[in-house]
Amino acid sequence: MIGAFARKLFGSSNDRRIKAYQARVAAINALEPDVAALSDEALRARTDQFRAELAAGKTLDDLLIPAFATVREAAKRTLGQRHFDVQLIGGMVLHEGDIAEMKTGEGKTLVATLACYLNALAGKGVHVVTVNDYLASRDAGWMGQIYAFLGMSTGVIVHGLDDSQRQKAYACDITYGTNNEYGFDYLRDNMKYRLEDMAQRGHFFAIVDEVDSILIDEARTPLIISGPLDDRSEFYNTIDTFIPRLDKSDYDVDEKQRSVALTEAGMEKIETLLRDAGQLKGESLYDIENVSVVHHINQALRAHTLFQRDKDYIVRNDEVVIIDEFTGRMMQGRRYSEGLHQALEAKEHVTVQPENQTLASITFQNYFRMYGKLAGMTGTAATEADEFYDIYKLEVVEIPTNVTIARLDEDDEVYRTQTEKYAAILAEVERANKRLQPVLVGTASIEKSEVLADVLLKSGYKQIDFGDPKALEKLYAAARAGKPAKLFAVLNARFHEQEAYIVAEAGVPGAITIATNMAGRGTDIKLGGSLEMRIQQETADITDEAEKAARIEQIKADIERFRQIVLNAEDEVEIEPAKGNKPAKTAKRPGGLYIIGSERHESRRIDNQLRGRSGRQGDPGRSKFFLSLEDDLMRIFGSGKLDTMLTRLGLKEGEAIIHPWINKALEKAQQKVEARNFDIRKNLLKFDDVQNDQRKVIFDQRIELMKEDSVVETVTDMRHTFIEDLVSKHVPEHAYAEQWDVAGLKEELNRVVGLDIPVDEWAKEEGIADEELLVRLEKVFDEHMAAKVAQWGPDVMRYAEKSILLQTLDHLWREHLVMLDHLRQVIGLRGYGQRDPLQEYKSEAFNLFQEMSAHLREAVTAQLMRVEIIPPEQPRELPPMEVHKMDPNTGEDEMQFANVSLAPADTVEKSERDPNRPESWGKVGRNEDCPCGSGKKYKHCHGRYA
């Protein structure tokens, strides 16, 4: 209460910050007449002038006022658009590295040009991040006109570009692209072998559009480049047949936590099924040999109980395609990890794709935290302000609208059942359709959108494709005649190709659009329809310029007429019934776009995004949610008390309860879910930071190695450290020679480097110490390497050293990632032993990293000591190293190795292999027993160095 009084008296911190910007806005406005008087050439020359001032010692902050005035004038001359004062404030917030919350239709795309231009003057590259390729291309082409006018270059990064195209795009002053492409390019760059092959040139400043979607909704989704493992599709199909044979009493499902676990009875039943199928090793399901089987059983159980077709995923073209729970879009190329996707494929009886091994990964949280300065834009960020600050140190600033919002957000209507709710939605749609008010009905999933479509179809409505000109003409004709056409369109992941058309025409009089969350972001819905879309469609075949101009004028008049129809589509509703002689009390509800929500989402932001499609730039509009106690949010998060209360109130079938208290109760439920999800993301980030710190060390090492012309000093240090480790393992410090493990040392030297070094003879010498042994071994190794340099030449050996070092580092890093994944899956069990899983994970991960470093020294030393160069048939320059060309969608690894190999590579009969002479073994399968006779698999013995 005191806080509310203080805010009223002094204003909120947001109000004070906006007020502080006003002085700079006034200064920019004061410059406008002088800047407007400049010629095009003089305006363009200001860019060079600003850069010169920066070089002379001025800061970007010093240049903000004249730079913003310059961009505003360039926008007027190129696009015919002038930045409003509130847009200038938005640009200042972005430049300061914070989040500008701007409502729908307030021109976020134009706002970004201010901060982009100012920061691009530094010459370090500015990245603008969008949610899809369409928006990246659209915004780069559209806003690129401003930058080009001012002498700056614009690039765009979309899927399908080759390396050279990406390099050119990143070399531009301002680069537009999607969050996925930026992240994957970073990972791909850190799998290359030459600096000149890398695409990105640093992480100076990024502006993230729809920042809440990318930095919060997708924060838990890691970007993974992967390669296929062995095919185990039959195993997945076998496991899948067991799940339908379980009863509901055989497992417990927790929908709140999205988890499922077998009961005692379920375990016994699964054990019996596995034993009968010959898939159970040992006596018990939980024997150590069955760890993998238990994992696959759990994933199959999750696939059947927690994941719903047409809600969490769809099946298309023999594939399981994930549906983004926040946007409703198909996530082509994305796959669930840890065998879950394969379990879903087995469940749906489509082709089970092989599991993949992680080659490189990063989360959006860690990728975007690499930028020196990060900023964001969205229409809905205030509800997540705490998370933005805690994780990214970004403050949310609510930018005032240029025109006051005229949308009416009504209280929710709550029904007992979904059937009653759908009947109420149908009645409301019919009322709106009769007065030609366009309606957008928001749903939470594909399944729900199709249920609503079925309700409309059964009531005499017809589904059409808004991309079909003939179907649209029926809608236009009905609007001109003032009659409802009873036509509707569905926008969900199944019809994503029609998205642009559906959104463009959703504001036409009488239009009914049923949409998933796909309609929540991106293109604005304009009242009366989209002028650009209609001109594009209706004048494409007209070649005569005069005829085309006349048609465009007709379209403009048509759309203005439609706009007025929509604006006047007001509704009069009864708010108090008639009593005796007293007439009923009514109230007017505004026209404009009518948003109907068919259920609340877990996040308030998603609901606010849906409401935000209406009421753009001061247009009237209306929004209302229709709910039932059977909705997911109400059902999972405790509708029992509410149901009891409604029963006591004597609520009849078909009646709804409407009260602000209901809205507050729902908001509290949503806040609880948001807080829980925030805690999950925060906890996951703590674990991911452990891997991220190691990733930075490895990637920084790679960059340093790639910068060096020669890594001879590095590999020499690694070789000497390896020898020290080997000697300390077999020779106790200050011990007598009789106490040395000479046989073990000799055997390991032979196994690792293939040299018969007379350490047994040295050990017999009088007075020899461990330090002397170390010096002699280093000398033998160094002389062996010097002989190879003499044989092949220093240039070839320097190339071989660098190639082998980088490739071995990459190989061991991949294996290390797998180890970390496995560790992370089981570390939670340490909590039962009263130990902190996070601290345990940090400690274990550090130990694994130390082991990987030791393996790297050993493997690089072993390979360089054994390396043989295969000369080309004709003398030629050494070719550049091929790079990993990883497709993030397929996970295919097209890496080609350099012209350096270990010889020999031909297959040799097992009987001809000498266990003591590795050079006689030829090519050995990784899963074969090692020919040395150790009893280990080749990949875990000598194969570690192959």
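Quick reminder: no glycine exception, Cβ is built from N, Cα and C everywhere.
Quick caveat, the model's predicted, so the values are computed rather than measured.
A coil conformation is recorded for G107 (ATP binding site) in the three-state DSSP classification, outside any helix or strand. The Cβ of G107 (ATP binding site) has 18 neighbouring Cβ atoms from other residues within 10 Å, across all protein chains displayed. Swiss-Prot lists Q87, G105, E106, G107, K108, T109, D524 with the feature ATP binding site, giving sequence analysis as the kind of evidence.
The annotation region 'Disordered' is assigned in Swiss-Prot to 872-892 (among others).
Marked as region 'Disordered' by Swiss-Prot: 904-946 (among others).
As annotated by Swiss-Prot, compositional bias 'Basic and acidic residues' applies to 907-917.
Swiss-Prot lists C930, C932, C941, H942 with the feature Zn(2+) binding site. Its Cβ taken as reference, C932 (Zn(2+) binding site) is surrounded by 20 other Cβ atoms within 10 Å in the chains shown. DSSP gives C932 (Zn(2+) binding site) a coil state; it is part of no helix or strand.
Here Swiss-Prot flags 936-946 as compositional bias 'Basic residues'.
The Cβ of G105 (ATP binding site) has 22 neighbouring Cβ atoms from other residues within 10 Å, across all protein chains displayed. Cα separation, C932 (Zn(2+) binding site) to D524 (ATP binding site), rounded: 69 Å. Those residues of the chain, other than Q87, G105, E106, G107, K108, T109, D524, with a C-beta within 8 angstroms of the mean position of the ATP site C-beta atoms are M102, T104, L110, V111. Between the two most distant C-alpha atoms of the annotated ATP binders (Q87, G105, E106, G107, K108, T109, D524) there are 17 Å. Most Cβ neighbours within 10 Å among the binding-site residues E106, D524: this distinction goes to E106. Q87 (ATP binding site) falls within a helical segment according to DSSP. The most densely surrounded of the binding-site residues Q87, K108, judged by C-beta neighbours within 10 angstroms, is Q87. If you take the C-beta of T109 (ATP binding site) and look for same-chain residues 6 or more apart in sequence within under 8 angstroms, you find D139, W142, M143, D209. If you draw a 10 Å sphere around the CB of C930 (Zn(2+) binding site), it holds 21 other CB atoms from the protein chains shown.
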